[in-house]
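Trainee: Please find one structure pasted underneath; my questions will follow.
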Amino acid sequence: MKNLSVVTQFILLGIPHTEGVETMLFVLFFSFYIFTLVGNLLILLAIVSSSRLHTPMYFFLCQLSVCDIFFPSVSSPKMLFYLSGNTPAISYAGCVSQLFFYHFLGGTECFLYTVMAYDRFVAICYPLRYSVIMSHRICAFLAMGTAVFGCIHSTFLTTLTFQLPYCGPKDVNYYFCDIPVVMKLACADTSTLEMVGFISVGLMPLSCFFFILTSYSCIVRSILQIRSTEGRHRAFSTCSAHFTAILLFYMPVIFIYLRPTPSPWLDATVQILNNLVTPMLNPLIYSLRNKEVKSSLWTVLHLLCFLPKHL
């Protein structure tokens, strides 16, 4: 007869096939994590401290920076903890929390990128009505809506995952608790969860991505009609930064959750790109080609580090 004792903790087995390089990975991922936190905090300070950047586009960029601070913080501290030689165990409640906040923040970012694409669509396709359509009230409503939908999405998935009984093996063949690896340990039929997870985690980002592509097809058409070369260049510069960030976010998600045959090592590698590298690159993507952000950022660095006021 099977042992039906309830699992009270899980063992995170980490990134597959990385035995012997834990110290190197710890230094690398810790550097990524620190750069992510510092970069996004600087973007936040740059936007908040400059009245010129108090517009809908930068308001949503602020929200993205907040998400990019917390998103890698869901899995990175625990991963760094066991890479430094500590216990890889995580409590049942800790596993639930990881899964919930990962999908809450991931879902919020997914909806937020869609809202940001809509903002650019209105700004470029309907410039005369932009201030009316994207009023402060509408922006606050959209920002709150992304978080609410992200929370509903995550609550639904977390409830479905952990209403299953876990009474057998407790080794999670991954570096954090996510649906595909946790549900393999359930002592019950997981076909319903697999189907719902595929629809929610796979098709939901795909639907948002198609909406974004539709918005950008309209944006490109409108940009090509701009007579001013400088105007076209500025519009393309702003939109290309946003679209680059979108690709870096959506491609790993679609790759991981819509691929029919999972590979633990490949999935973990792509997931790290999504969890650590993309949030680290976002501040660079949004600041390098944006003179206003760079100027405000330099002012913040001057105040913090006593650097020269001008480049």
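Backbone N, Cα and C define each Cβ position, glycine as well.
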Trainee: Do Gly14 and Lys294 end up on the same side of the membrane (judging by the domain labels in Swiss-Prot)?
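Mentor: Lys294 and Gly14, as annotated in Swiss-Prot, occupy opposite sides of the membrane (different topological domains).
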Trainee: In terms of Cβ proximity under 8 Å, which residues at least six beyond the ends of the transmembrane segment (272-288) contact it?
Mentor: 15, 29, 32-33, 35-36, 39-40, 42-43, 46, 61, 64-65, 68-69, 71-72, 74-76, 175, 241-242, 244-245, 248-249, 252-253, 256, 294, 297
Trainee: What three-state class does DSSP give Cys95 (disulfide bond)?
Mentor: helix
Trainee: For the transmembrane segment (55-75), I need the partner stretch with the highest count of C-beta pairs below 8 angstroms, choosing only from 25-45, 96-116, 138-158, 193-213, 238-258.
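Mentor: Selected stretch: 96-116, with the most Cβ pairs under 8 Å.
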Trainee: Can we call the transmembrane segment (238-258) and the transmembrane segment (96-116) in contact, meaning three or more C-beta pairs below 8 angstroms at a sequence separation of 6+?
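Mentor: Counting Cβ pairs under 8 Å (6 or more apart in sequence), the transmembrane segment (238-258) reaches the transmembrane segment (96-116), since there are 3 or more.
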